[in-house]
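**Student:** Below is one structure. I have some questions about it.
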Amino acid sequence: MFNFFKKKKKKTEELENKNIIKDTEEKMTCDCFSNSNDDDKTNEEFNKFNEANKNNNLIEEVEEKASEVKEEIKSEVEKVEEKAKEVVEEIKDEEKSNKIKAGRFIDLTKSENTEKKTLKTEDLTLENTNKENEEDRSEENPNEAYEELHDENLAEGEEFIEEKESIFDRLKKGLSKTRDSFTSSLSNLFTRNVKIDDDLYDELEEILISADIGMSSTIEIVDNLRSEIKKRSIKDSDKIYPVLKEIMIQKLDEKNLDNGIKFEKGKLTVILVIGVNGVGKTTTIGKLANNFKNDGKKVMLAAADTFRAAAIDQLQEWAVRAEVELIAHKEGADPSAVIFDAIKSARSKDVDILICDTAGRLHNKKNLMQELEKINRTIDTHAVNANRENLLVLDATTGQNAVSQLKEFKNVTDITGLILTKLDGTAKGGVIFPLQVEVEVPVKYIGVGEGINHLQKFDSNSFVEAMF
C-alpha cells in the first residue's frame, strides 16, 4: 500500500514537472516572439538611420564636388582672362611696331628722294662741265631729269589728288537719287525739244521745282537762263546744259555767304548743334568731330542732350570712334551745367573746338526754347571771347519742310549755319537752293552717307557738278 502511494506520488511529481517545463517552454516561446518583434523594430530604425547617414554623406559629396567644379571654372576663367590680356598686349605691340615701321619707311623714302635729288644735281653739274658730250647729254639727260622730277611731283601730290577725287566720288554717289531724277528729266526735255521756246522754259521750271529748288529760285534761274541764251545766241537745246550749270552755281554763290566754320588759332570755338528729333544731330556731331580732328584740331564734345534716352551713350560711342574727349553728366541733368563744365575743361586743356549736343526740340515748344536760351546765355557768359557757331541740322528728305523749320528757328535763336543730312536718301537735293538763297543761311556741311567720312564741307561748284 505504501508502495502504491509512493508510486502515485512519484507520477504526480513527474506530471507537475512536465507541466512546469511546458509552461516554461511556452513562456520562453512568447518571450522569444516578443524579442523578435522588438528586434525587427530596432532593425527598421537602424536601417532608417543608415539611410539618413547615406543621404547626408551624398549631399556632402555633391557639395564638395560642386565646390571643386566652381574652383576649376574660376581657375579656367582667370586663365582665359590672362590669355585675352596677353593677346590685347600683343595687338598693341604689333600696332606700335607697324607705326614705327611706317615712320621708318617714310624717313627712308625721304632720304632716298634727297639722295636722288643730290645725284641729279651732280649729274647736271657734270653735264655742264663735260663739253665734249654736250650735244648727247642735251638730247638725253635733261629730258630724263625732267621726267624724274615730274614723277616726284606727281608722287608728292598723288595722295592729295586721290583724297580730292574720293571726296567728289562720295558726293556724286550721295547725290545719285537727285541726279538720276534731275538729269533724266532734263535729258528727256532737251531731246524732245530741239527748239528753244517758251514750252521748253515752262517744262524746265517744272523740273527744277520737282527737285525742290523752290519757286523763287526756279524763276530766277530760268529768267537768267533766258538772258544768257539770248546773249550767247544759242540755238540748240543740247547747248543749254553747261549754261544752266553755270547759272545754278552763280545762284548758290550770289549772297557771298561764309560756308566755313569760324576758327582762330589759340582761340576756343564753341559750336552749338540744334534741331528737331530724328534729323541725325548726334551722328552728325560725331562725324563733325572726326573732320576737325583729321584737320589737326583738338576737339571736345559736350553731351548736353540729357533728355533723350541713350543719347549720352550714343555720343560716347562717336567720341570713341573719332578719338576725342567727351564731357557728360547723368541722364536728366541740367544741360547748361554740362556745357559750363565742358567750357571750363576745354579752356584748361587748350581745346580748339568744343561741339555741344542738345536735345531735339520744336520751335513751338516754349520750355525747350527757353532751355536753348539758357544754354546760349551760359556760353555767352563763360566763353566770352570764343568764336560762336549755332548750327541747325536739317533732314534733306523733308524737302520744303526743312525750309519752314529754318524760318521758325531763325525767329527764336541766331542760326549761323546749316548741316543738311541724308542727301543720299532723297531726290530732293535741290532744297539747298531755297535754304541758302532765299532764307540766306549758309549750308556749311552736307551728309552724303552713313560712314564717319561721309559728312562733307559744302561747296557750291562741286554740289552742282555732282547734280549733273
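Including glycine, each Cβ sits where the backbone N, Cα and C put it.
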**Student:** When you get a sec, could you say which of 6-51, 52-97 is annotated coiled coil by TrEMBL?
**Tutor:** 52-97
**Student:** I need the least crowded one of these binding-site residues (K281, R361), counting other C-beta atoms within 10 angstroms of each C-beta.
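**Tutor:** Output over binding-site residues K281, R361: least Cβ neighbours within 10 Å is R361.
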**Student:** With every protein chain in view, how many other Cβ atoms are within 10 Å of the Cβ of G278 (GTP binding site)?
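**Tutor:** Around G278 (GTP binding site), other Cβ atoms within 10 Å: 9.
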**Student:** Please give the sequence-distant neighbours of the domain 'SRP54-type proteins GTP-binding' (442-455): residues at least 6 beyond its ends with Cβ less than 8 Å from one of its Cβ atoms.
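**Tutor:** For the domain 'SRP54-type proteins GTP-binding' (442-455), the nonlocal Cβ contacts are 170-171, 173-175, 257-261, 280, 284, 286-288, 290-291, 321-322, 391, 396, 416-424, 432, 435-436, 463.
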**Student:** Taking only the residues in the domain 'SRP54-type proteins GTP-binding' (442-455), give me the average pLDDT of this model.
**Tutor:** 90
**Student:** Can you tell me the three-state DSSP label for G278 (GTP binding site)?
**Tutor:** coil
**Student:** Taking only same-chain residues 6+ apart in sequence, whose CB is under 8 Å from that of G275 (GTP binding site), what do you get?
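**Tutor:** Non-local contacts for G275 (GTP binding site): K281, G360, L392, V393, L394, Q405.
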**Student:** Is R361 (GTP binding site) helix, strand or coil when read with DSSP?
**Tutor:** coil
